[in-house]
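Feature annotations, courtesy of TrEMBL:
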DOMAIN    10-223  domain 'Yip1'
TRANSMEM  29-51  transmembrane segment
TRANSMEM  88-118  transmembrane segment
TRANSMEM  130-148  transmembrane segment
TRANSMEM  180-199  transmembrane segment
TRANSMEM  206-228  transmembrane segment
Amino acid sequence: MLNEGRRLVSVYIAPVHLFDDLNEGRSRWWIPLVICLLVGGVAAVLLRLGVPSGVWMDTIRQNLATSGAEMNEAYLEMAANRISSPQALFFAGLGGVISSALGIFVLTLLYWAVFAIFGGKINFNKSITVVAYSGLIVALGHLVRLILSVSLQRLDIYTSLAILPFLEPGSYLFRFASQIEVFTVWRLVVMGLGFSTLASVSRTKGYVLVILPWLVLIALLSFVKIGFGM
């Protein structure tokens, strides 16, 4: 039986061992959940503190140009200068926590339903266990991108297929490709392992039932310019 510290590490280096242990013992899914929420909030705050307002201003200007929208230059400068204000930092942190929580619970309900429909021995506790522990991989991704953004002093850090040169920023394909990134794919692999173990389905079925709904979801959300790279 693994202690909780070893469980948290095993999601990165020995996920098969982790989910075998979780299948046999009690899950403390709230521990990785809290870690994911904290990382989401702290990363959002540190990004605003670590990257100068001028970089934010340039990024906002580029995004406006891509979307075809316009903003008065004075308002643009004022918005950029307020990026690191106490109020902005509070709402950035709160937004990071809320978005992380929503992502985890949406995925929990989605995969609970999917595996129940296709014959898996699944319940809410098993579903959130897989989603919360695998969420630690995305949390690592947040930290990696934060470090790169602060060290390089830029916000356009991509660990996804959005780096492909033929994709036009702001296009549907660009938004879709931006969801297919290293840490998300890693998480999907771990989720497939986790659900196949905890829901008592074959490894192949676990992967299919994890990856296909996610592809459909990001395809739909890319139409409305909403990201869901996990």
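Cβ coordinates are placed from backbone N, Cα and C, and glycine is handled just like the others.
Counting only same-chain residues 6+ beyond the ends of the transmembrane segment (180-199), those with a CB under 8 A from a CB of the stretch are 11, 15-16, 18-20, 22-23, 111, 115, 120-122, 126-127, 129-131, 133-135, 137-138, 140-141, 144, 158-162, 205-207, 209-211, 214, 218, 229-230. Panel annotation: around the transmembrane segment (206-228), residues 103, 110-111, 114-115, 118, 120, 172, 175-176, 178-180, 188-189, 191-197, 199 of the same chain, lying at least six beyond its termini, place a Cβ under 8 Å from a Cβ of the stretch. Here the domain 'Yip1' (10-223) returns a mean pLDDT of 91 for the predicted model.
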